[in-house]
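Colleague: I am attaching a structure below and will ask some questions about it afterwards.
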Amino acid sequence: MPHFTVVPVDGPRRGDYDNLEGLSWVDYGERAELDDSDGHGNHRESSPFLSPLEASRGIDYYDRNLALFEEELDIRPKVSSLLGKLVSYTNLTQGAKEHEEAESGEGTRRRAAEAPSMGTLMGVYLPCLQNIFGVILFLRLTWMVGTAGVLQALLIVLICCCCTLLTAISMSAIATNGVVPAGGSYFMISRSLGPEFGGAVGLCFYLGTTFAAAMYILGAIEILLTYIAPPAAIFYPSGAHDTSNATLNNMRVYGTIFLTFMTLVVFVGVKYVNKFASLFLACVIISILSIYAGGIKSIFDPPVFPVCMLGNRTLSRDQFDICAKTAVVDNETVATQLWSFFCHSPNLTTDSCDPYFMLNNVTEIPGIPGAAAGVLQENLWSAYLEKGDIVEKHGLPSADAPSLKESLPLYVVADIATSFTVLVGIFFPSVTGIMAGSNRSGDLRDAQKSIPVGTILAIITTSLVYFSSVVLFGACIEGVVLRDKYGDGVSRNLVVGTLAWPSPWVIVIGSFFSTCGAGLQSLTGAPRLLQAIAKDNIIPFLRVFGHGKVNGEPTWALLLTALIAELGILIASLDMVAPILSMFFLMCYLFVNLACAVQTLLRTPNWRPRFKYYHWALSFLGMSLCLALMFVSSWYYALVAMLIAGMIYKYIEYQGAEKEWGDGIRGLSLSAARYALLRLEEGPPHTKNWRPQLLVLLKLDEDLHVKYPRLLTFASQLKAGKGLTIVGSVIQGSFLESYGEAQAAEQTIKNMMEIEKVKGFCQVVVASKVREGLAHLIQSCGLGGMRHNSVVLGWPYGWRQSEDPRAWKTFIDTVRCTTAAHLALLVPKNIAFYPSNHERYLEGHIDVWWIVHDGGMLMLLPFLLRQHKVWRKCRMRIFTVAQMDDNSIQMKKDLAVFLYHLRLEAEVEVVEMHNSDISAYTYERTLMMEQRSQMLRQMRLTKTEREREAQLVKDRHSALRLESLYSDEEDESAVGADKIQMTWTRDKYMTETWDPSHAPDNFRELVHIKPDQSNVRRMHTAVKLNEVIVTRSHDARLVLLNMPGPPRNSEGDENYMEFLEVLTEGLERVLLVRGGGREVITIYS
């Protein structure tokens, strides 16, 4: 089948993306088994345009209405049968479910693949929400707001959200540019940018997902040991300054335990992870709703979370109960626990007290003043700290005095140095996860609709949550509490939990389970991503990771993922792992934007995204923003990430990635000279890269001027899709004598190309025979990969009026040459009526009459024409023909679905052509055609000797006038006759070589000729189709039509021309199209 009927339902496989799309047609008629069958159980004639002897066999062609296209139907399918087979195949390989749909217990029978059924909400929107919301929202956003201030925090959120939104726009364009099978984001990037970039970015994406698992696990451990079960800690600080080391060691031990457990869960079965995904998502949503509920409640009833201040310094509340220096117990003033910490004595002695403690008062302020308290103004500005700085509240009185070093653990201090760039790197992971929807592309009912809508809505939703959360935190929570990363000043409560309603535990438990769920999702997705890369076999040493369990589970890839995640666990700091994660995701997003920009600027014919709201400038802005964020957040991490990607790229290039995925980078090769030509030499272009590379065959008049300049106009309008254009012509004669003439003709053509704005090359050859010259052009034009795949040939006007067969012989021979060379052929008829480049069609239709599948040329050409300003306003209509046994209603539905996947906007109409009796007009028209052929033959062969001699003289004088650049020499018998100089010898020669029994004795007997039945059927096809086409498309700006193939034997050449004339009668502008034997359009991205 052609490439768009892709994966049979009964045996889906993953990883064979490069095998999904065929490059050439197969014989749909199964001719090897049944030579006289059309593949539908009906008999047909073995050759079109049969001789009378063959017609006398009485073989009746199965479909009278399509008799003219009999030869095409030998090797190409009818539209009805093509669409029928299309709907019986699934257009998607299965996604994550394919591993569960493994072989049954017997090991020989696979479960039937279910049709993808997930919609936008469940398939894209909610998974994106779950992956975007994560540990940073609950553990670091409040700290970021307090440190950067509300204004700079909003700026950080804006930059990061703009980056992901621009990336989502580019991703939506790529995702809707055809069907994206399972493989999701990696598939899109690799098939758009090629194996080198695809492998490098794919591995960066894999490493990012793997480190995300480590980050989520570290977040879960932080919540567990800090807020849920602090006594569970294994390591305790040995001294006042050893808290950091003890915390890191606890994170490493518990992180390793959690990672091992999660890896075992994923190994046992991904279905358990998917079943709990909804629960984890519910935890996230409930937690966020509780934050908003708490913010609203704080307006009239703020929660009680007092913060103890010494002067303007924040004290760590988990070490004492009473926020005062002294307390009255039984009418006696005694020292509090706080006094003993600062004075190292339980008594009220001041000898060894901390000077700052003695000079400043201890006060208590509300940690959550509420939205009505006006703290927003205080929290607008930044308060960046260095490592070890004490968190202070501006505005509180404070006596300047030295503080003892031993007292430092009693304060809330900054554990890391902060700046705007550091916060960007830490926050960015909280906006990643936008590709969760595209990763499930194999499970979506309509990925081209769901991915853009769901992803962009999820980004807008999460962005609004982040923006509102920044403002809410700044308006409700005291600044010193916001800057308190671990909640030490509010009795080791999660800061965001202090605001939540009805209880802080809602946030604590919800965030814990959501981070655990996100970690499981990352450990599930990363091995499958590595498996997809390994199965593509672009990085040889990763090949082992493409294997797994019997049911397809990537066991070895899971093991490697766990080992890499363990490296992140050993770092043991959420704030250190987050920037690493940011680098890899930013690298991935950068190349998504690059892929979209490259495809848009190259304007490849296959670049037809259904998502229209993209622009190359937006993609470049997104790419620049990603690059800037990489270096802003951590320039050394950025260099390391780029170095890793560069090394992978060069390794794949060094290994020689012999993959052809139709990547956009190959389009750049057309402008890269020798290196590019050598690359293009490697093989035929992928279907996605196919564009009409034109060879325009021009006819020159006696003064070497272009006879039909509108052929060049048409070529320039068609090449709005860019690509290669070669303009060729033939000068008849000797090369030595006509070299100067050829140079003059070439210059004339170049001038005309410049006038018509045709960017390409010109080649004029000198040949003794025009037919041979054209054949040489068709065979040898171009260099390496820059070769033509389509020929534009002018129509032989006036062939009916000419008695000389050279008027149309060369045309048919050229058609045969293009067919033999497997080139597409475009024949614009009535070229003088085609629009110039200065005209504009403000309305109208381009009508496509799709009768026989030709590889998609008929679909692609109108799309390319509509890229030009002349045709841009025209709408596309596609007509196809239904026969008696076709379900026209179903055909229309199938055709609409097919066009939807091709990303083509067109009206669809199925025209029913029922079998009808051959009309008297058809019979008469056929009779006239055959009588004319016989008459012309007789006029050439049955003259008297005197008439022959006069005719010979006349021929010699008229030959120069009748001869054209596209006409060939006379038949062999005529050539042989001309070589004999003596009149008597020539006549004798003709008399001896012609048997009068082969033709009627005189013209009167012509009326008794009975027309050949095969010609009657073909004439019937031409007449009926012409009637239908003229009725439906008489007002169309352009009509595109399948061009029937020429007869296999030359006896029917003249009749073939008549059939084409009848087929196109009454139409102002017609483009006859004949495919080149390969697919040129695809539903895949």
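Every residue, even glycine, has its Cβ placed from backbone N, Cα and C.
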Colleague: Per Swiss-Prot, which of Y272, Y589, Y613 sits in the chloride 1 site along with G433, I434, M435?
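Modeller: When Swiss-Prot describes the chloride 1 site, the candidate it includes is Y589.
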Colleague: Look up T243, T983, T993 in Swiss-Prot and give me whichever carries the note phosphothreonine.
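Modeller: Of T243, T983, T993, Swiss-Prot lists T983 as: phosphothreonine.
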Colleague: Which residue in the list C283, C323 does Swiss-Prot annotate as forming a disulfide bond with C308?
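Modeller: Within the candidate set C283, C323, Swiss-Prot assigns the bond with C308 to C323.
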Colleague: Using the topological domain names from Swiss-Prot, determine whether Q599 and H845 lie on a common side of the membrane.
Modeller: yes
Colleague: Among Y216, Y227, Y236, find me the residue Swiss-Prot lists at the same K(+) site as N131, I132, P429, T432.
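Modeller: That K(+) site, as Swiss-Prot gives it, pairs N131, I132, P429, T432 with Y216.
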Colleague: Grab the pLDDT values for the topological domain 'Cytoplasmic' (1-119) and give me their mean, rounded.
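Modeller: Overall, the topological domain 'Cytoplasmic' (1-119) comes to a mean pLDDT of 46.
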Colleague: What's the CA-CA gap between G794 (ATP binding site) and Y589 (chloride 2 binding site) in angstrom, rounded?
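Modeller: Here the two Cα atoms are 48 Å apart.
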Colleague: Quick one: DSSP breakdown of the topological domain 'Cytoplasmic' (599-612) into helix, strand and coil?
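Modeller: Its residues divide into 4 helix, 0 strand, 10 coil.
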Colleague: Closest to W795 (ATP binding site): which of the recorded positions N131, C343, P429, going by Cα position?
Modeller: N131
Colleague: For each of I132, C308, C323, L697, count the other CB atoms within 10 A of its CB; which of these recorded positions has the top count?
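Modeller: The largest 10 Å Cβ neighbour count belongs to I132.
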Colleague: V730 (ATP binding site): which of the recorded positions S81, C308, P429, Y589, S1050 is the nearest Cα neighbour?
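Modeller: Of all the candidates listed, S1050 is nearest in space.
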Colleague: Under 8 Å Cβ to Cβ from C343 (disulfide bond), same chain, six or more residues apart: give me those in sequence order, or none if nothing qualifies.
Modeller: A335, T349, T350, S352, C353, D354, F357
Colleague: Within 8 Å of the Cβ centroid of the K(+) site residues N131, I132, Y216, P429, T432, which other residues of the same chain have their Cβ?
Modeller: F133, G134, I136, A212, S430, V431, G433, A518
Colleague: Could you say which of the recorded positions C353, V730 has its Cβ with the most other Cβ atoms inside 10 Å?
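Modeller: Answer by Cβ density within 10 Å: V730.
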Colleague: Given the binding-site residues Y216, W795, and counting only Cβ atoms in the protein chains shown, which has the most within 10 Å of its Cβ?
Modeller: Y216
